[in-house]
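Reviewing the structure listed below.
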Amino acid sequence: LTYYTPDYQTKDTDILAAFRMTPQPGVPAEEAGAAVAAESSTGTWTTVWTDGLTSLDRYKGRCYDIEPVAGEENQYIAYVAYPLDLFEEGSVTNLFTSIVGNVFGFKALRALRLEDLRIPPAYSKTFIGPPHGIQVERDKLTKYGRPLLGCTIKPKLGLSAKNYGRAVYECLRGGLDFTKDDENVNSQPFMRWRDRFLSVAEALFKAQAETGEIKGHYLNATAGTCEEMMKRAIFARELGAPIVMHDYLTGGFTANTSLAYYCRDNGLLLHIHRAMHAVIDRQRNHGMHFRVLAKALRMSGGDHVHAGTVVGKLEGERDVTLGFVDLLRDDYIEKDRSRGVYFTQDWVSMPGVIPVASGGIHVWHMPALTEIFGDDSVLQFGGGTLGHPWGNAPGAVANRVALEACVQARNEGRDL
């Protein structure tokens, strides 16, 4: 039980974790909490003689508090503090390998979920963070005072590059700011990435010339190797595209951070899709909450990330969703358990990420979405644009008109 230290005073530089743990029957909570702290830091299953060659007091994780979860039988929140020295600077990969790498398969636990992490400024300052952030993006696009509008091109698979470009053009001409590759559009036999990039670029510039607005399409650079991913991002930049896209969980944090550095150095915005997140965050008592994945993404680098909708076809509770939306956008977020925020998080000067509301939303949801997400967001309507009975461009017009109306009503102080 050397890892259970209820009298420990946490330091400003400690990385703090809140685990929701369900011990096996007969295992005391303190023992389970100590086991989590040990296995995710310096411990192993037995005492080893080489422990004497280092200072465990300096390097060990400490379980410093355990509280039972109200209304749940045999479930606890265990708070663990990790010394900063345990982690490589600027590596989300290393952070996750340490904290969630091994401990989730632990025999003494029936289930374990990482609910939240407190990242101290001493650590967060070693990360690149979003390549550009919210303000720089608005300046690049010269679009202010309203949410941005996007649309995922459907059917997501099976279109030829030529027809894909046509769909993009229709949407952008109608008034959307962005269109998007679906997360699983990479480079398949029916549409190789280069053909898609070329026909999309043509559509972009045509729509820009017609509307006088800057347009973007999230060109998905996700690939089977980092080298191939960079090749696609470089080609997108050469075409003059303003934004590329990456699936950060399937692509991996290492690839994601490499891409973020490239995007910052070359003036590309980076849109992040969270494909595979529900595998990790859907279970209520095992895995990892999305707010942890959102914090990790803000450090690893991305200018947009999908963040649920509160009103569409995918799961998400309003307060909890708003909790991690604030964690993405704001500099300083107060601890608030009702919104699932277990720790006060101070991002200091790290730029914010724009949350993207996407998944089963349509024009009818517009008042709710403008109210819930506010101006710094991207509202993404896939079927909600392309499903318009008159076609893509009228669908885009409908969305833009609805958005402008809601923003005007809000600015006049009317209740949405």
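Note that Cβ sites are derived from N, Cα and C of the backbone, with glycine treated the same way.
Owing to the predicted nature of the structure, the values given are computational and were not obtained by experimental measurement.
Per Swiss-Prot, the features are as follows:
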{"type": "BINDING", "residues": "ASN102, THR152, LYS156, ARG274, HIS306, SER358", "note": "substrate binding site"}
{"type": "ACT_SITE", "residues": "LYS154", "note": "active site, proton acceptor"}
{"type": "BINDING", "residues": "LYS180, ASP182, GLU183", "note": "Mg(2+) binding site"}
{"type": "MOD_RES", "residues": "LYS180", "note": "N6-carboxylysine"}
{"type": "ACT_SITE", "residues": "HIS273", "note": "active site, proton acceptor"}
{"type": "SITE", "residues": "LYS313", "note": "site 'Transition state stabilizer'"}
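SER358 (substrate binding site) falls within a strand when secondary structure is assigned with DSSP. Other Cβ atoms within 10 Å of the Cβ of LYS156 (substrate binding site) number 14 in total over all chains. On a Cα basis, ASP182 (Mg(2+) binding site) lies 8 Å away from LYS154 (active site, proton acceptor). A simple Cβ count within 10 Å picks out one of the binding-site residues ASP182, GLU183 as the most packed, and that one is GLU183. Binding residues for substrate (ASN102, THR152, LYS156, ARG274, HIS306, SER358) extend across at most 36 Å, taking the greatest CA-CA distance. Cα proximity to ASP182 (Mg(2+) binding site) (within 10 Å) is found for none of the binding-site residues ASN102, ARG274, HIS306, SER358.
Within 10 Å of the C-beta of SER358 (substrate binding site) we count 26 further C-beta atoms, all protein chains included.
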